[in-house]
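Taken from Swiss-Prot, the feature substrate binding site applies to ASN239, MET268, TYR297, HIS333, SER353, ARG354, GLY355, ASP394, GLY395, LEU396, ARG397, GLU433, TYR460, supported by sequence analysis. According to Swiss-Prot, the feature Zn(2+) binding site maps to HIS437, HIS501. The [4Fe-4S] cluster binding site annotation in Swiss-Prot covers CYS581, CYS584, CYS589.
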Amino acid sequence: MSATKLTRREQRARAQHFIDTLEGTAFPNSKRIYITGTHPGVRVPMREIQLSPTLIGGSKEQPQYEENEAIPVYDTSGPYGDPQIAINVQQGLAKLRQPWIDARGDTEELTVRSSDYTKARLADDGLDELRFSGVLTPKRAKAGRRVTQLHYARQGIITPEMEFIAIRENMGRERIRSEVLRHQHPGMSFGAHLPENITAEFVRDEVAAGRAIIPANINHPESEPMIIGRNFLVKVNANIGNSAVTSSIEEEVEKLVWSTRWGADTVMDLSTGRYIHETREWILRNSPVPIGTVPIYQALEKVNGIAEDLTWEAFRDTLLEQAEQGVDYFTIHAGVLLRYVPMTAKRLTGIVSRGGSIMAKWCLSHHQENFLYQHFREICEICAAYDVSLSLGDGLRPGSIQDANDEAQFAELHTLGELTKIAWEYDVQVMIEGPGHVPMQMIRRNMTEELEHCHEAPFYTLGPLTTDIAPGYDHFTSGIGAAMIGWFGCAMLCYVTPKEHLGLPNKEDVKQGLITYKIAAHAADLAKGHPGAQIRDNAMSKARFEFRWEDQFNLALDPFTARAYHDETLPQESGKVAHFCSMCGPKFCSMKISQEVRDYAATQTIEMGMADMSENFRARGGEIYLRKEEA
């Protein structure tokens, strides 16, 4: 923890300095590479970790080395991970997908914004200082057209986005030749289909079947295509967002960039404070990853925080506002039905979802059915016009392990399955949100229920937390559950930070949450047997056994922390080549002893072989040349 707490002014100044001086930055001894596709402009970024050679023999004067292959890894940092790209947050990122969107010819630019709220914000001169300068002219589908990746997939069309994803998901593993690195234990996939090589056609087929989604609003052309589905790599979402009492636009942009650096596949902007609209514009124009929101939060702000005053009209206006800004997926709590609310009465912790509690309060105060459920088809029509994916929210998720897997939770899940089928009628992409707080022995049922009742739509869970006793460490308690449910088939894990249940996360909390969840996602990929998932582990183990300390640091998810921990006790440069660490010291290092045993065994084998040959030579009479019949 930091010894001195910064003031609000200092925090904003630091964040402003961060974005003013932002440059593309590579991780230590890594370089950005690109793999091109067949579609024009498909140029898929990856990070390649360069490794040092292995000493295999020779003398001190003339050592002999064997090269180690560079390790390609999935990279979510976009232009921020390429030192060759000039970064200007004021101008935003390059519009990677714009030519692909335009080439399809099924969209049109809007001359007037559809949202009354957006019109009012644009007309307010007092917001000029906060406004992103290069506001995008939004597009929507032409009349009678649908512009979703699901629509294209069902038509048999392989889009550039799909080819981009196929290359990205393969992670350049075809470049790896070493059998040691390619070795992988068989996994247990629980019914997931994990092909050795992911093709663009496989991506198209998974999207067409509804088993995967590509969150890619036509008004967020800056985003790099990615996919969420159980037959692909497990993904991680990071939540950011300001509140009424803390954080600023500068800090949220800083958190966005920071999140993508540490591996966030998507980012949700959960802002509830002032300037939600302006904050979101800055985030979208500078985000290389899909952005999700919970529109009910902003709709509530528009009615001064009074849930009973919410209306369909205010909510619809918010959907249009956010869709035209470029939000890639909406969390919609349409499954919180009036008849389900009494089911939560006997719970220990009631309704803990913000969106769920808002809708429950509205339903009870009006004694009417949830207006999101009533107007769900209209929501789908809006999403189909911009390609906004739906993340059907679990407003009745359990907030304690005592409430796990109860009647209310699964009643809502079944309704989400019904809504999924309706969304698919409109070619709208759907994923399903899940819990929450669930003890380990009850986790798998959540996955099997979701697959059965939600028709294999991708599952997206918050953890789940496996115990409730560790405030301040809930990234651990939830990381355990996340690894398990990812193994069982969950497609995306929403990170939990150390501040969960305690406060709004800062930059360091975001990093801690992401590292924890990248570990969980990777562990799930290994357990499922995802092809190529073990390459980085094998490279790390090989570097560890060969005492290549620099390579160990650089292969780590967090190279900086790995190096810092090592250097706390062995800070000298000699410690980076030593055949031991400070835990065991030079006399008791198990790997050093293993190497000595291996060398000794090899020497003994040679000596025994020589002795056998000598004995054989004497047994044959000591003749240098053997007769033909003896040879």
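Our numbering is plain: 1 for the first residue shown, then up by one each step along the chain.
Every residue gets a Cβ built from N, Cα and C, even glycine.
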### Task
Please compare the binding-site residues GLY355, GLY395 by how many other CB atoms fall within 10 Å of each one's CB, and tell me which has the fewest.
GLY355
### Message
Tell me the Cα distance separating HIS437 (Zn(2+) binding site) from TYR460 (substrate binding site), rounded to the nearest angstrom.
### Response
14
### Count of other CB atoms lying within 10 Å of the CB belonging to ARG397 (substrate binding site)
27
### Query
Which of these binding-site residues has the least crowded Cβ, counting other Cβ atoms within 10 Å: TYR297, TYR460?
TYR297
### Task
Do me a favour and check the Cα-Cα span between CYS589 ([4Fe-4S] cluster binding site) and HIS437 (Zn(2+) binding site); whole Å is fine.
41
### Task
Within 10 Å of the Cβ of ASN239 (substrate binding site), how many other Cβ atoms can you find? Include all protein chains, please.
24
### Task
Based on DSSP, name the secondary structure state of TYR460 (substrate binding site): helix, strand or coil.
strand
### Query
Which has the fewest other CB atoms in a 10 Å radius around its CB: HIS437, HIS501, the listed binding-site residues?
HIS501
## Note on the structure
Lowest 10 Å Cβ neighbour count of the binding-site residues SER353, CYS589 is held by CYS589
### Query
In whole Å, how far is HIS437 (Zn(2+) binding site) from GLY395 (substrate binding site) when you measure between their Cα atoms?
13
